[in-house]
Amino acid sequence: TATCAGQDKPCQKHCDCCGPKGECVCEGPCICRQG
């Protein structure tokens, strides 16, 4: 799982992409993917 910038908790199991606001993204374009 990834922990996006500004987030205290890791993303959900299948939501490991980070969006432009640091939110977890499950589908669609991803700005970054962090381990």
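Cβ atoms are placed via backbone N, Cα and C, with glycine included.
Features of the protein shown, as given by Swiss-Prot:
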type	residues	note
DISULFID	Cys4-Cys18	disulfide bond
DISULFID	Cys11-Cys24	disulfide bond
DISULFID	Cys17-Cys32	disulfide bond
DISULFID	Cys26-Cys30	disulfide bond
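Counted within 10 Å of its Cβ, the other Cβ atoms near Cys17 (disulfide bond) come to 20, all protein chains included.
Cys30 (disulfide bond) sits 13 Å from Cys11 (disulfide bond), taking the C-alpha atoms as the reference points.
Cys24 (disulfide bond) sits 7 Å from Cys4 (disulfide bond), taking the C-alpha atoms as the reference points. Fewest Cβ neighbours within 10 Å among the disulfide-bonded residues Cys4, Cys18, Cys24, Cys26, Cys30: this applies to Cys26. Distance between Cα atoms for Cys4 (disulfide bond) and Cys11 (disulfide bond): 7 Å, as a whole number. In the three-state DSSP classification, Cys26 (disulfide bond) falls within coil. Summarising the environment of Cys11 (disulfide bond), the number of other Cβ atoms within 10 Å of its Cβ, over all protein chains shown, is 20.
Rounded to a whole number, the C-alpha distance linking Cys26 (disulfide bond) with Cys17 (disulfide bond) is 6 angstrom.
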